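Participant: What follows is a single structure, and I will ask about it in a moment.
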Amino acid sequence: MRAWEEFLLLQEKEIGVDTVNKWLRSLKVLCFDACNLYLEAKDSFQVTWFEEHIRHKVKASLINNNGKPIRVRVTSLDKSTPFKETQIQQEKTAYFTMKYGDIDPNMSFANFLVTPENDLPVRILQEFAKVSEQGKGFPFNPIYLFGPESSGKTHLMQAAVGGLREAGVKTLYVTSELFTEHLVSAIRSGEMQRFRAFYRNVEALFIEDIEVLSGKGATQEEFFHTFNSLHTEGKLIVISSTFAPGDLKAMEERLISRFEWGISIPVSPLIREGLKSFLERRTEKLNIRIEETALDFLIQALSSHVKSLLHALTTLAKRVAYKKLSHQMLYQGDIEALLHDVLQAAESIRLTPSGIVRATAQYYGVSPESVLGRSQSREYVLPRQVAMFLCRQKLSLSYVKIGEVFSRDHSTVISSIRAISQKLEEDDRECDVSRAIQELTKRLSSAYQSLDFIED
């Protein structure tokens, strides 16, 4: 049909010919009337891709000769495909033996350093464990924890999960990425009923990094119904994210609204004194003695990055034990000698173009590949321009070098960077681009940044 073909040609310009051929032209046109187009996909995964990437474009661009929107209905061919009973059973077994979030026993409340900055989330999560022991309902639901990388969100989540499980509460702990993987597996194997039972027949659901669902319409739809089912039955939902609910990008408003139903709690990274106290406690447990100025040196050398410091102390403890120095006070010279390789590696850690691309992609809720890709869709063009601007600003790379990173000629790079500069020169601090640059600059320069954003 003509309208569908015109739509496909438009998409070739936005997302590329190869993508259209793979995902859209392979859809079979079953039937068309004035306002309805019926398509058949080869499998459920193609249906999911259509819903997440194309559905919103159809609503905006596909119209008939009378200017009325055409409703597109996509069904899956594999719904009617026969399977052998043994094959079905194998798929069920494979899907439901997937891991679903083991917790680290060391991540307990007892091992968490409570400071004035993070006292509130600790007290609330501990109180919830007590409430569950008494068989009472949860006073705030959901609990939404948000804060930068290395602020302790995972530690708090796992500590709370451990406490609830000890109290006999059936608790499921997953990352948003794992939730998405489970959903895709369920769709592909026709096991949505079992998927829903798996996620809803619990008393508490803990889900990390909810921003991973950004831009994934079909996954958000399923999580919306999962959330509603649990909340209606008074079951606890605990969510973590780098962003406050209102700052989530490409997330449905109805989900954001529900995230704000209960209580949203910021989780702050340890300030320097708190970090030092935390590390002093850790050295006692590891049975090593470090002179105060030597510990200050180590904190400075590793840029106050908590995970790097914990790794360094664990390595130091092993080497101290090997050299039988457990009772000896360690000074800066000893630290430099015993951790020479660790400190040398830390010096080589630097911000890179690929690190900027990953950080920008995460901020906008898209993949790094799409930022580096050829699509001219606005949802990818803007992150690409922002990443180019940051490469120029933060790394002082030449236009030619940036062009090599993004597989573009230098004139395209110049125009992209100029476009972002012009938006910033408008002096509107509330504009989306200005907020993006400010937030990404903060993340990339923060002493508590995640090593996901840097490479050695």
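Along the chain as shown, residues are numbered 1 onward.
Keep in mind that glycine also has a Cβ here, set from the backbone N, Cα and C atoms.
Okay, so Swiss-Prot annotates it like this:
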type    : residues                       : note
BINDING : Ser150, Gly152, Lys153, Thr154 : ATP binding site
REGION  : 1-68                           : region 'Domain I, interacts with DnaA modulators'
REGION  : 68-101                         : region 'Domain II'
REGION  : 102-320                        : region 'Domain III, AAA+ region'
REGION  : 321-456                        : region 'Domain IV, binds dsDNA'
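Thinking about packing and proximity, how do these listed features fit into the structure?
Facilitator: Look at Gly152 (ATP binding site): DSSP puts it in coil. For Gly152 (ATP binding site), the same-chain residues that are 6 or more apart in sequence and have a Cβ closer than 8 Å to its Cβ are Phe112, Asn118, Val267, Pro269, Leu270.
The average pLDDT for the region 'Domain II' (68-101) in the predicted structure is 54.
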Participant: For the region 'Domain I, interacts with DnaA modulators' (1-68), what are the DSSP-based totals of helix, strand and coil residues?
Facilitator: 38 helix, 12 strand, 18 coil
Participant: Sequence gap of 6 or more, Cβ distance under 8 Å: name the residues on the same chain that satisfy this around Lys153 (ATP binding site), in order along the sequence.
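Facilitator: Those within reach of Lys153 (ATP binding site), by Cβ under 8 Å and sequence separation of 6 or more, are Leu145, Phe146, Gly147, Glu208, Ser240, Val267.
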Participant: Can you tell which of Ser150, Thr154 has the most other C-beta atoms within 10 Å, given these are the binding-site residues?
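Facilitator: When each Cβ's neighbours within 10 Å are tallied, Ser150 tops the list.
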